[in-house]
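Enquirer: OK, Swiss-Prot features for this one:
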BINDING   88, 90, 94, 97  Zn(2+) binding site
MOD_RES   124  phosphoserine
REGION    203-226  region 'Disordered'
MOD_RES   257  phosphoserine
């Protein structure tokens with residue numbers, strides 16, 4: 001029997017950084033599955049391999065490698081075309097499965113030199129740190145508060161390295177998580193009493209509340225079930241928020257389709273065995 005509900009989606013807000021939308025006519029298990037897929041199953045590109053050629057800074061090589069991996073990289077235009085490195089036929093790295101970055105900075109002045117994401121030079125103009133979006137390529141012209149700090153160098157210190165970014169997803173490592181935050185709520189007026197407030201009148205109301213100003217929470221509904229879910233998905237900058245949502249829904253749909261196919265094969269095998 002096909003799933004009886006017919007879910008609907010309504011977008012309430014869309015910006016460059018986040019999307020808010022409402023899903024109706026579904027249940028809590030499906031809603032939470034969608035949330036988890038946003039975080040763990042949507043692929044993006046992140047630095048995964050680092051070779052440090054010179055490092056006289058105060059940070060160990062491992063510290064710097066970890067910081068590089070967590071710098072968000074713009075992945076919109078290439079993530080679907082890039083292969084997973086485990087599926088590529090190359091021996092190490094190639095343009096089909098990776099993007100190369102280089103960094104070469106030496107401090108020759110008395111003033112502290114901030115090495116930032118702006119100093120990472122990509123061999124692909126489509127994959128750059130999110131802070132370098134729509135910026136020129138002059139490494140000396142940077143705005144400190146806009147870029148992600150990697151390390152600080154004093155006079156005579158240097159950092160020189162080569163790194164490769166690969167395709168992956170959040171279930172493998174947090175650096176491949178495309179979201180900065182994912183949240184959903186399903187009972188803005190607390191009619192189901194899944195949350196107990198010590199003083200409901202002092203608790204801030206949800207932006208989706210339909211109560212009057214003098215009401216603190218809706219009457220208790222003991223038979224109620226959550227059917228409407230209010231989502232807020234914030235991107236880390238690697239993908240546009242709408243791309244995250246569409247990719248997640250596509251991935252979840254494929255998982256369910258694969259499960260249905262496998263179950264059909266299992267049922268057919270059981271029928272043949274019984275006969």
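Just so it is clear, glycine is given a Cβ too, placed from its N, Cα and C backbone atoms.
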Enquirer: By Cβ distance under 8 Å, which residues at least 6 away from the ends of the region 'Disordered' (203-226) in the same chain are close to it?
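Expert: Sequence-remote neighbours of the region 'Disordered' (203-226) are 27-28, 31, 185-193, 197.
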Enquirer: Taking the centroid of the Cβ atoms of 88, 90, 94, 97 (Zn(2+) site), which other same-chain residues have Cβ within 8 Å of it?
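Expert: For the Zn(2+) site, the extra neighbours are 83, 85, 89, 92, 93, 95, 96, 98.
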Enquirer: Look at the binding-site residues 90, 94, 97 and tell me which residue has the greatest number of other C-beta atoms within 10 angstroms of its C-beta.
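Expert: Result of the Cβ crowding comparison: 97.
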Enquirer: Can you tell me how far the Cα of residue 257 (phosphoserine) sits from the Cα of residue 88 (Zn(2+) binding site), in Å?
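Expert: Pair distance, Cα basis, whole Å: 26 Å.
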Enquirer: Please list, in sequence order, the residues in the chain of residue 124 (phosphoserine) that are at least six apart in sequence and whose C-beta is under 8 Å away from its C-beta.
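Expert: The answer is 78, 95, 99.
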Enquirer: Counting across all protein chains shown, how many other Cβ atoms sit within 10 Å of the Cβ of residue 257 (phosphoserine)?
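Expert: For residue 257 (phosphoserine), the 10 Å Cβ neighbour count is 10.
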Enquirer: Tell me the residue counts in helix, strand and coil for the region 'Disordered' (203-226), as DSSP assigns them.
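Expert: The region 'Disordered' (203-226) comes out at 0 helix, 0 strand, 24 coil.
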Enquirer: Near residue 88 (Zn(2+) binding site), which residues of its own chain have a C-beta under 8 A away, given they sit six or more steps off in sequence?
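Expert: When sequence neighbours closer than 6 are ignored, residue 88 (Zn(2+) binding site) has 94, 96, 97 within Cβ distance under 8 Å.
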Enquirer: Reduced to three states, what secondary structure does DSSP give residue 97 (Zn(2+) binding site)?
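Expert: The three-state answer is coil.
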